Amino acid sequence: VLVESVLVFAVVLAVHAVVWDRFSWCAVALAVQAFYAQFKWDRLLRLGGAVFQFRGAANSGLLPASMVIPLLGVVMKERCRAAGSVYFERFGVVVASTGMLLALFLSVLAVGITKPVPTNTCILTGIAGSVIIYTMKHSLTVSEVIEVLEVLLIFVYLSMILLYLLPRCFTPGEALLVLGGVSFVLNQLIKRSLNVVEGRGDPIDFFLLVAVVGVVLLGLFFTVLFMFMDSGTWISSMFFHMMTAVLGLGVIMPWLYRLIQRNPLFWLLQFLFQTQTRLYLLLYWTFLAASACGVVFYQNAKRSSESKKHQASTITRKYFHFIVVATYVPGLIYDRQLLYVAAVLCLAVFIFLEYIRYFRIKPFGQTLRHLLSLFLDERDSGPLILTHIYLLLGMSLPVWLFPRSCAPKGTLPGAGALVPYSGVLAVGVGDTIASVFGSTMGEIKWPGTKKTFEGTMTAIFAQIIAVALILIFDSSVNLNSSYAWILASVSLVSLLEAYTTQIDNLLLPLYLQIMLMA
């Protein structure tokens with residue numbers, strides 16, 4: 001935990017040194033108080049005093065998770081200010097303020113339920129909170145303050161509902177990241193739905209917002225419904241499929257139509273088959289999806305009836321990382337907009353299939369349970385299987401969060417040109433190589449972890465080679481001699497992979513994106 005905290009502080013101070021404004025000072029104050037509050041959460045988890053059931057075999061992860069959204073907002077604000085985009089500069093300010101307020105809320109919650117009351121942590125939390133609120137008071141307009149408070153309110157209610165319904169699925173830090181992100185998306189969708197201006201806004205952004213909110217609302221609806229009826233019967237399964245069609249065609253489609261001012265299905269078909277390059281990419285991705293399904297079926301066929309407890313090895317699970325890299329790299333080079341939309345569709349399909357598995361919806365629910373049980377690891381301790389969804393999110397978030405409006409030529413200068421590749425580098429290359437080489441040839445373990453020195457060093461070397469290959473094959477990338485910063489960023493994130501107990505598929509790409517954008 002201490003080494004993980006040191007690495008997070010290194011990222012915070014690196015961003016602070018580059019940005020050096022009131023919000024970067026607030027980020028430093030937030031990091032200090034989150035470091036102390038994290039130990040309160042860890043103690044509550046050990047003693048079973050936390051309000052909800054969180055994922056075991058991991059620390060709370062409050063510090064690394066608390067810094068992600070504020071730092072993303074800070075670096076986005078700085079990039080958009082340099083590009084002269086006032087609207088998105090203010091958006092970055094709102095993102096940073098929202099992230100700080102959500103992290104403060106989680107820290108205050110830990111302090112409030114810790115007995116006896118930790119005096120020093122209370123004082124630090126009060127000082128950090130005062131600094132952040134004072135900065136927000138002098139930086140945000142009234143409408144922006146209301147927007148931040150709306151996200152906080154949504155987060156509180158969403159946390160109470162989902163953490164109760166999904167025990168042992170998240171650590172406090174993962175809950176902050178996932179539910180904070182969903183709360184922000186929901187608030188953005190409501191805000192944009194109430195202020196629709198024809199021709200304003202990119203349809204693919206609206207597509208992402210509606211897809212995320214749609215699948216979350218769908219899950220909440222069926223969770224409540226199946227509290228009162230058995231989800232495993234044919235009648236319930238037919239009702240599930242019927243209501244999915246009704247909600248999709250009767251709520252989500254009209255909502256999307258209102259936002260993009262055209263038929264969503266016709267727009268999607270026109271978008272997907274607009275050019276010949278897109279057609280080739282879709283055919284290639286279909287082949288890779290079939291290959292991934294083939295790996296699942298082959299590994300299950302190898303599982304004999306005598307070894308029902310057999311689990312897939314680390315190297316076997318990393319096959320999917322290689323497939324995902326092969327999926328994303330051509331999309332990033334040839335058509336990022338298509339990759340953006342395809343990733344949204346894939347996320348919706350993954351979550352929908354998880355609903356079918358979780359609720360045992362006929363005819364595929366039980367089959368999915370059997371097929372995916374082979375690939376479970378210690379992080380899938382709750383009722384949901386989320387690791388494959390986290391892998392998709394880790395690869396997609398750098399693409400979705402890339403500030404296109406602040407990059408007039410479609411790319412950012414210097415190391416920022418690698419921002420869309422953050423998921424490929426951190427998870428697809430770094431995490432995969434570290435796991436494969438560490439588990440097969442690693443002998444020197446990092447103190448206090450199961451990760452090896454050889455795995456981490458090989459991961460750093462592999463990511464440097466990957467950056468060189470990106471420079472060769474992607475003509476839009478121009479690093480402007482920022483090689484030392486890239487090496488430092490890759491090294492910090494690789495060390496974080498060795499020491500964090502959080503979901504690395506989600507955390508590592510976001511930290512690499514923050515460093516590259518800074």
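In case you wondered, yes, glycine gets a Cβ from its N, Cα and C as well.
Fair warning: this is a prediction, and the values are worked out from it, not measured in the lab.
Per TrEMBL, the features are as follows:
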TRANSMEM  7-36  transmembrane segment
TRANSMEM  56-75  transmembrane segment
TRANSMEM  87-111  transmembrane segment
TRANSMEM  117-136  transmembrane segment
TRANSMEM  148-166  transmembrane segment
TRANSMEM  238-257  transmembrane segment
TRANSMEM  277-298  transmembrane segment
TRANSMEM  319-334  transmembrane segment
TRANSMEM  340-360  transmembrane segment
TRANSMEM  421-441  transmembrane segment
TRANSMEM  453-473  transmembrane segment
TRANSMEM  485-512  transmembrane segment
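When each of the listed stretches 117-136, 421-441, 453-473 is scored by C-beta pairs under 8 angstroms to the transmembrane segment (485-512), 421-441 comes out highest. At the 8 Å Cβ threshold, with sequence separation of at least 6, the transmembrane segment (421-441) comes into contact with the transmembrane segment (453-473) through 3 or more pairs.
Tertiary proximity for the transmembrane segment (238-257) is limited to same-chain residues at least six positions away from its ends with a CB under 8 Å from its CB atoms, namely 193, 206-207, 210, 214, 217-218, 221-222, 225, 231, 263-265, 352, 359, 361.
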